[in-house]
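Colleague: One structure, as structure tokens, below. Some questions next.
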């Protein structure tokens, strides 16, 4: 494949990636957006593998077949509830790939041969230009390894927290911000040392060790309530790691794709931080500004219990119902009976809508994906800002598997770890039914005063079983 054809294929692939992002921004066009991405990636892979500078094509194809087989097997096996962990571990692969590309490219920059017939001044200029190009390559290698290493360990920690293998609480080391700053300063000094003596790989090895520890500490010091932001932030890091690898490999498409992923992930992180009343810088810095007194996780009064039959009677007599799902709905796989209840109530003329918090679940858009999977109509699925003013005029709210995102302590308790975080104001409705397995605290480790309010009733048990019981009673 000629160089010109490869560049044309890269331009087409880049356009398809942009169309993919645009398509994924809306429910109606999400499937088309997914296909745009698949076609774009296929074109990019073919152009790269069979390009004029490609070597070892046979081994690359063998590696792709093995990797693809593992990927398909894992994707078919993984549950929708485990999607956040899968995304996190995939981000770690991008970071590790950037580290390996950086080390593989170390010392591979070859200076061009000096043309004959140059005078002394031209020769000096040529030598200076080659020195600059060598330094640029070494900077690309150094930064590519640094970003990749941070992404790798950060993503591994995120995977551990999301899968429950690592405690979700924030790691609060003494002087943690000074440690982060020291890691950055020492890494910068090591880059200067490396540029002054590129023959020595010791500064790169030392920086890699620091970057691995830095990435681990960044994510470990972020609490469970902020994990959805962490996933989108690591998505951004993986994009910049890919872009850095693109600079090292002199691959324009990898640079463009990495920049698209990096910028979109950063924008999504910023939007989610605003939705959680968190500073974007605080999340990047790893829990900066999160030093609040932990509010009591003790029970704060008597709670009332109810039954599926009583909830069914409430729903029969209601004219408006809002359902606020959370991660518990995903774990119980309750989205299908919830969709059935929605359809049955709408047949009776009840106005049923869904209120989705921006950080509900463990992944941006987690609840939207589950509801779309269960064929819930898009027009009844509303964001927090669109529905929060309607709770006061609502007869019944069903809180299915949500906890921290409906916690009034965020507005009422200034000492709460989630103080200031915008939440779904479900307690303003006439009746609130909370589906929970037990009275345990949520992912942020904070007790929820909602459970003890006069208009709240608790429906204990597996969310899917309880929703199916209500469906039978209807």
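From the backbone N, Cα and C atoms, a Cβ is placed for every residue, glycine too.
Remember, predicted model here, so these are calculated numbers, not experimental data.
Sharing the feature lines straight out of Swiss-Prot:
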type	residues	note
TRANSMEM	4-24	transmembrane segment
TRANSMEM	46-66	transmembrane segment
TRANSMEM	83-103	transmembrane segment
TRANSMEM	132-152	transmembrane segment
TRANSMEM	181-200	transmembrane segment
TRANSMEM	202-222	transmembrane segment
TRANSMEM	229-249	transmembrane segment
TRANSMEM	253-273	transmembrane segment
TRANSMEM	321-341	transmembrane segment
Colleague: At a Cβ cut-off of 8 Å, and with pairs 6 or more apart in sequence only, do we get at least 3 pairs between the transmembrane segment (253-273) and the transmembrane segment (4-24), yes or no?
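Modeller: Contact criterion met.
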Colleague: Residues sitting near the transmembrane segment (132-152): Cβ under 8 Å, six or more positions beyond its termini, same chain?
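Modeller: For the transmembrane segment (132-152), the list is 91-92, 94-99, 101-103, 105-106, 109, 111, 187, 191, 194-195, 198, 204, 207-208, 211-212, 214-215, 218, 234, 237-238, 240-241, 244-245, 247-248.
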Colleague: Hey, which bits of the same chain come close to the transmembrane segment (229-249), Cβ under 8 Å, at least six residues off its ends?
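Modeller: Distant Cβ neighbours of the transmembrane segment (229-249) are 84, 87-88, 91, 94-95, 97-98, 101-102, 105, 137, 140-141, 143-144, 147-148, 150-151, 154-155, 158, 162, 219, 222, 255-266, 268-269, 272-273, 276, 278, 283-284, 359, 362-364.
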